[in-house]
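**Student:** Mind looking over this structure? Questions follow.
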Amino acid sequence: MFRDSAKIYVKAGNGGNGMVSFHREKYIAAGGPDGGDGGKGGDVIFVVDEGLNTLIDFRYKKNFKAEPGQDGGTSNRSGKNGEDLIIKVPLGTVVKDELTDMVLVDLIKPGQTCVIAKGGRGGKGNQHFATPTRQVPNFAKSGDLGEEYSLILEMKMIADVGLVGYPNVGKSTILSMVSAAKPKIANYHFTTLVPNLGVVQIEHGKSFVIADIPGLIEGAHEGVGLGHQFLRHVERTKLLVHVVDVSGVEGRDAVEDFDTINSELQKYNQVLSTRPQIVAANKMDIPGAEENYKAFKEELEKRGYKVFGISAATNKGLKELLYAVSETLKTLPDTILLDETQNEEVVYKVQEEKPFEIHIEDGVYVIEGKWLRKVLGSTNITNYESLQYFQRALKKKGVITALEEMGIQEGDTVRIYDTEFDYTR
């Protein structure tokens with residue numbers, strides 16, 4: 001089964017907690033703090049595996065969690081770091097944040113790796129909190145939480161050439177005749193429901209990869225006829241071979257078919273309207289096709305297109321078509337065209353968040369902020385010294401000032417995620 005999209009959840013490992021301990025040794029009455037640091041949580045890492053060609057594995061496993069770091073030990077011993085979790089994905093996988101729909105990474109290189117979720121830092125042991133005035137720190141920091149995301153994976157095939165056109169115009173037959181690929185072929189619409197890849201060998205060792213894109217229809221850019229799923233794969237190709245049925249047996253006009261498909265490509269992604277095209281007028285073996293072909297070729301050559309009359313069923317004209325494709329590919333950049341505007345460097349940036357937000361809910365001051373979750377997670381709220389450390393962090397970030405400007409009073413309740421505090425000056 002082919003699968004070109006999936007939704008998964010990833011969670012990096014939490015950092016291990018710092019240790020609270022004091023040096024104990026015979027004849028040493030006042031051993032200092034020697035609590036070790038917690039280990040770092042494991043990262044979640046995507047790795048491109050060229051042996052994969054579908055996202056089907058993510059149909060059965062959707063939740064991925066890396067190993068947490070171990071807690072620190074006595075005698076300044078640090079906890080062991082958690083192991084990274086490696087997730088293998090096919091070449092051409094696009095990773096999106098489900099919440100924002102923002103592209104996080106586009107995996108287009110063999111062996112490419114990407115840390116998609118970073119493990120939490122290990123908490124500091126109490127050895128780090130000794131000062132001249134606090135020689136016996138009775139607290140340590142908890143480990144930071146590992147990053148977690150709900151992700152959308154989309155696979156976009158990578159090929160040199162894409163065969164596009166209406167359903168049942170002969171794209172799969174062409175692929176089967178020019179390569180070793182064995183796509184499903186039948187005389188009805190949407191026989192091909194998944195993209196198929198084939199390698200075309202030209203003499204003297206020259207070759208290129210060609211993809212049979214399932215048939216497109218009017219409204220494909222809006223998802224009609226599974227259009228979104230099919231058009232996704234066209235974006236990766238450097239050259240399009242636009243296959244048109246000139247036999248007239250379907251009762252459609254060949255020029256109108258050509259214009260309709262190009263309109264759908266343009267509406268889906270403006271970049272596709274500028275993608276080079278070679279036109280293959282197929283089914284020339286059917287009576288009446290020759291006359292239709294002459295008018296069709298004349299019109300498209302006026303527009304500057306190269307047009308080849310072929311019959312995929314009899315092999316007529318395929319050799320000439322393939323040589324034209326091979327020669328055209330030589331003139332095109334040897335790079336993968338991405339989803340974004342051509343000739344423009346794509347930089348993915350995480351949206352900047354406000355340091356914190358405060359709102360009042362049923363008389364309770366609710367404070368939210370990504371860094372707050374981390375700081376609170378690393379605080380031992382049952383320890384007075386650790387709480388003091390947390391309060392200083394809030395004051396430094398301006399949270400206390402913001403609360404006072406909102407009119408908070410002594411004894412009012414403050415909630416930070418799942419933890420509530422009474423406000424005191």
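Quick reminder: no glycine exception, Cβ is built from N, Cα and C everywhere.
Below are the features listed in Swiss-Prot for this protein:
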type	residues	note
BINDING	165-172, 190-194, 212-215, 282-285, 311-313	GTP binding site
BINDING	Ser172, Thr192	Mg(2+) binding site
DOMAIN	1-158	domain 'Obg'
DOMAIN	159-330	domain 'OBG-type G'
DOMAIN	348-425	domain 'OCT'
**Student:** Least buried of the binding-site residues Lys171, Lys283, going by other Cβ atoms within 10 Å?
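**Tutor:** It is Lys283 that, of the binding-site residues Lys171, Lys283, has the fewest other Cβ atoms within 10 Å.
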**Student:** Quick check on the domain 'OCT' (348-425): DSSP residue counts for helix, strand, coil, in that order please.
**Tutor:** 28 helix, 18 strand, 32 coil
**Student:** Could you state the CA-to-CA distance between Gly165 (GTP binding site) and Ser172 (Mg(2+) binding site) to the nearest Å?
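**Tutor:** Between the Cα atoms of Gly165 (GTP binding site) and Ser172 (Mg(2+) binding site), the distance comes to 11 Å.
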**Student:** Can you check which residue among the binding-site residues Asn168, Ser172, Ser311 has the largest number of Cβ atoms within 10 Å of its own?
**Tutor:** Ser172
**Student:** Reduced to three states, what secondary structure does DSSP give Gly165 (GTP binding site)?
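**Tutor:** In three-state terms, Gly165 (GTP binding site) counts as coil.
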**Student:** Using a 10 Å cut-off, grab the number of neighbouring Cβ atoms around the Cβ of Gly165 (GTP binding site), all chains included.
**Tutor:** 24
**Student:** Taking DSSP three-state, what's Ser311 (GTP binding site) in: helix, strand or coil?
**Tutor:** strand
**Student:** Just to verify a number: CA distance, Ser311 (GTP binding site) to Ser172 (Mg(2+) binding site), in angstrom, no decimals.
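**Tutor:** Just about 13 Å between their Cα atoms.
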